[in-house]
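Enquirer: My questions will all concern the structure given below.
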Amino acid sequence: MQLSPSEISGLIKKRIEKFDNSVELKSEGSIVSVADGIVTIYGLDDVTAGEMIKLPGDVYGLALNLNTDSVGAVVLGDYEHIKEGDKAYCTGRILEVPVGEALLGRVVDALGNPIDGRGEIETAHSSPIEKIAPGVIWRKSVDQALQTGIKSIDSMVPIGRGQRELIIGDRQIGKTAIAIDAIINQKGTGVKCIYVAIGQKASSIANIVRQLEEHGAMEHTIIVAATASDSAALQYIAPYAGCSMGEYFRDRGEDALIVYDDLTKQAWAYRQISLLLRRPPGREAYPGDVFYLHSRLLERAARVNEEYVERFTNGEVKGKTGSLTALPIIETQAGDISAFVPTNVISITDGQIFLETDLFNSGLRPAINPGNSVSRVGGAAQTKIIKKLGGGIRLALAQFRELEAFSQFASDLDEATRSQLNRGQRVTELLKQKQFSTLSIALMALSLYAADNGYLDSLEVSEVIPFESALHALAENKYAEVVAEINETGKYDAEIAEKLKTIVEDCKANQAW
């Protein structure tokens with residue numbers, strides 16, 4: 001078979017027409033060392049701080065150290081297959097995670113990949129993990145309550161939507177229990193919740209998922225898990241990933257609550273990464289920017305105004321404010337709140353709930369110390385009825401603590417002192433609350449009203465909890481309309497006070513407990 005010259009030239013012309021002569025520019029570097037999840041790369045002149053670097057085997061690294069002739073990056077995943085001499089490439093992208101409604105009810109890792117065995121997450125939205133917090137001009141003051149359903153918190157240390165309230169205390173004294181109760185209490189309120197587990201056992205996270213599912217709270221919750229077996233890099237970025245997921249709701253005029261459990265372990269992970277990157281250590285071997293590690297995260301929790309939401313959504317959402325409330329958790333060692341990380345986070349947040357081991361061991365749970373606990377902005381957001389009735393509770397407890405110490409040495413006490421001690425004991429007993437037994441505004445108001453107006457004074461201390469249970473049961477069965485009215489309005493006036501008085505006196509008269 002012979003081809004004519006014209007056929008040959010035709011074939012060549014077709015090949016030339018189909019030839020792709022576009023040039024793809026790649027910034028390429030060589031890996032010179034890999035150890036403990038840290039790679040040092042020679043080259044990559046165009047890399048920027050925080051950029052994702054493509055490594056062999058579909059693994060990415062995060063550029064953290066930019067030196068004159070090399071780049072120090074932390075590997076986000078498995079690094080055993082990476083060896084000296086392998087190539088690394090710039091991507092021109094910073095780390096992003098999937099965000100949106102599709103993540104609700106799911107358990108994801110620090111990169112947003114599902115780890116609950118329920119298939120892929122279908123979402124069209126993604127967001128960078130590092131974002132600049134809204135400026136002062138876009139913020140709105142905190143004036144809406146975020147009810148936790150816990151008597152001692154909502155009455156004495158109220159939390160507002162858009163606030164940062166630290167939960168601080170030693171290990172195993174109920175810090176996570178408070179956060180989980182707060183998430184469960186948001187059921188039916190429209191508040192979306194994100195729970196970020198940092199450096200915890202996988203079994204503990206599985207237990208939390210089970211508890212949330214049992215109480216119907218998983219439907220409005222995203223769980224971001226960086227377990228103890230995950231690399232330090234994933235534990236370091238997990239809070240930022242969770243925060244981006246919460247900002248999705250905040251920026252669209254919705255309310256969100258995020259729990260960081262706990263930021264002590266994130267600081268440990270960041271310290272490990274920094275020391276491996278040969279950054280100079282400072283106090284307690286932490287790097288110099290450990291304050292910025294937490295401040296840039298917690299400043300993203302805010303209440304934003306209508307203009308911000310309208311501008312962000314290009315006019316699709318109008319007249320709505322958005323909020324992201326943060327509950328960071330810090331673990332102390334032997335109650336030492338003057339250590340480096342606790343003092344940093346206390347100075348960043350808008351208040352703290354301080355839990356004490358001695359109170360926990362004495363049976364007071366939640367073990368909140370009302371003297372050390374404070375909410376700097378929550379008072380303006382507190383529900384009116386709880387604010388009015390809760391003031392006497394804090395005063396009664398403060399007087400009780402002072403007199404209790406004095407009464408141990410004094411043998412003869414006058415009637416007024418004895419009365420204050422008796423009331424303090426009963427108020428302390430009233431503030432005990434089991435986990436998963438959060439209260440509505442109306443039921444909490446009933447308990448506070450009974451304590452504030454001396455209805456508990458005639459009871460034995462052991463009768464306080466049974467009386468409260470009977471009071472709540474009576475209110476829900478016989479006075480359901482009053483309960484619904486208080487839950488809806490949250491107001492307090494002479495008429496509401498009279499209704500509360502009727503319910504409490506009815507319960508005392510029946511002695512149903």
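Cβ coordinates are placed from backbone N, Cα and C, and glycine is handled just like the others.
According to Swiss-Prot, the protein has these features:
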- G169, D170, R171, Q172, I173, G174, K175, T176: ATP binding site (BINDING)
- S373: site 'Required for activity' (SITE)
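So where do these features actually land, and what's packed around them?
Expert: Note: I173 (ATP binding site) has non-local neighbours L355, E356, T357, F360, A367, i.e. same-chain residues 6+ apart with C-beta under 8 A of its own C-beta.
Cβ neighbours of S373 (site 'Required for activity') (same chain, under 8 Å, six or more residues apart in sequence): M156, V157, G351, Q352, I353, F354.
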Enquirer: Quick check: with G169, D170, R171, Q172, I173, G174, K175, T176 left out, which same-chain residues have Cβ atoms within 8 Å of the centroid of the ATP site Cβ atoms?
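Expert: Leaving out the recorded residues gives E331, L355, F360.
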Enquirer: For a quick check of understanding: among the binding-site residues G169, G174, which residue's Cβ has the most other Cβ atoms within 10 Å?
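Expert: Its Cβ has the most other Cβ atoms within 10 Å: G169.
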Enquirer: Might you list, by sequence position, any residue in that chain lying six or more from R171 (ATP binding site) with a Cβ less than 8 Å away from its Cβ?
Expert: E331
Enquirer: Of Q172, T176, which of the binding-site residues has the most Cβ neighbours inside 10 Å?
Expert: T176
Enquirer: Ranking the binding-site residues D170, K175 by other Cβ atoms within 10 Å, which is at the bottom?
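Expert: D170, out of the binding-site residues D170, K175, has the fewest neighbouring Cβ atoms within 10 Å.
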Enquirer: Kindly assign Q172 (ATP binding site) to one of the three DSSP-derived states: helix, strand or coil.
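Expert: In three-state terms, Q172 (ATP binding site) counts as coil.
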